[in-house]
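> Residues or ranges marked as active site, nucleophile in TrEMBL: 365. The active site annotation in TrEMBL covers 368. The FAD binding site annotation in TrEMBL covers 162, 164, 175, 223, 226, 258. The disulfide bond annotation in TrEMBL covers 66-71, 365-368.
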């Protein structure tokens, strides 16, 4: 099995093998993954995502939200949300479990009603954060609590990710903070891959290769996520607007500006390689989490029994496909040193990524914030899975686990985030065709 380890030894052989590996990923994604993941994302269980877009930025004063109309996110009316999703617990999936959870909620509401009626929304948020603290120790992301008074359901199909016009100092500040303050590097090294940052030249990459594997992986994950988001914006760009009817589509000029080797002084191809790296990481996570969903206790419950069964069958089919692709990233090579040092590095890795998820609350465009939070949470869930192998292997078959758990929010983010990566790989093939036509 090909192990995608970043090693200096054997680097020439790995470089020679890279183009063929990328072609294998392209074909695998195009013919096996993309059609199925697109279909799964249209299912009710995966299209409705509950998110709090009103959380204040924890790192700097709010510099104003995007006033462009395409930045707006239209929340979904409660009447449109499937009854099983509205009633469902974060960690329970079966019909029986959801009904019991409804009774628990009613009893709890009656007990708290007399003393809780005068609490402000801010106080309620504080109690919610306090109550969920113990459950967040294995999370790589800052989670939105679904019971928050500001959390709303969003129909992802009606609020697609695309270029809204949000750019400039506010957007630059977010990515700058992610790279400059959260990637592992000395302050003397310039921030990487920020579109507005001056070119660093080869010395930057000489320094990067000097880092340990785990810190290089962290950087590549963030770079890959950045590249994927940029690809979405290039592929779904506002081309023109006539008589109030916008036209969206691929913008070859924008794609060239962000990814062309000459235009980007060699940076573009590196960004795209990191996109493929991220794809392999999340692909690996999906293959490893399969036993969690293969249990009969997991129903993906929405209240529509027929659709729920079809959704689970399609999800399990995708899991089988992920297992058939043998060139996975091998996470066993990470955090493999002495136990104390490895544990400390893993915790540092987790906290750095969690901090990045908090930065998403600083994005000024609501639609960009929605998709940034979802994709960051999806990647965080993938990391949580990769480092929970023993817990997943020891799951009980017919009862909920008290160890490894995934909330519905994490499941929806995991599937949709991988769907976004699958779309990025597909759109990249489309841009290659468009570029050939323009030559």
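Glycine residues also receive a Cβ, built from the backbone N, Cα and C atoms like all the rest.
Because TrEMBL annotations are produced automatically, they should be read as predictions rather than curated entries.
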> With FAD as the bound species and 162, 164, 175, 223, 226, 258 as its recorded binding residues, calculate the greatest Cα-Cα distance and give it in Å as a whole number.
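Maximum Cα-Cα distance: 21 Å.
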> Any idea which of the binding-site residues 164, 223 has the thinnest Cβ neighbourhood at 10 Å?
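Minimum Cβ neighbour count within 10 Å, taken over the binding-site residues 164, 223, occurs at 164.
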> Say you check the Cα of residue 164 (FAD binding site) against those of the recorded positions 71, 365, 368; which is nearest?
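When the Cα distances are compared, 71 comes out closest.
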> Rounded to an integer, what is the Cα-Cα distance in Å between the residue listed as 'active site, nucleophile' and residue 71 (disulfide bond)?
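It is 5 Å, counting Cα to Cα.
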> How long is the line from the C-alpha of residue 368 (active site) to the C-alpha of residue 71 (disulfide bond), rounded to the nearest angstrom?
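One finds 7 Å between the Cα atoms of these residues.
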> Could you tally the C-beta atoms, other than its own, that fall within 10 angstroms of the C-beta of residue 175 (FAD binding site)?
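That number is 20.
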> Just going by other Cβ atoms within 10 Å, which of the recorded positions 71, 365, 368 has the emptiest spot?
71
> Could you measure between residue 223 (FAD binding site) and residue 71 (disulfide bond) for me? Cα positions, answer in whole angstrom.
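Cα-Cα distance, residue 223 (FAD binding site) to residue 71 (disulfide bond): 24 Å.
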> Measuring Cα to Cα, tell me the gap between residue 226 (FAD binding site) and residue 71 (disulfide bond) in whole angstrom.
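Pair distance, Cα basis, whole Å: 19 Å.
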> Quick one: pull the CA-CA distance for residue 71 (disulfide bond) versus residue 175 (FAD binding site), whole Å only.
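The Cα atom of residue 71 (disulfide bond) is 18 Å away from the Cα atom of residue 175 (FAD binding site).
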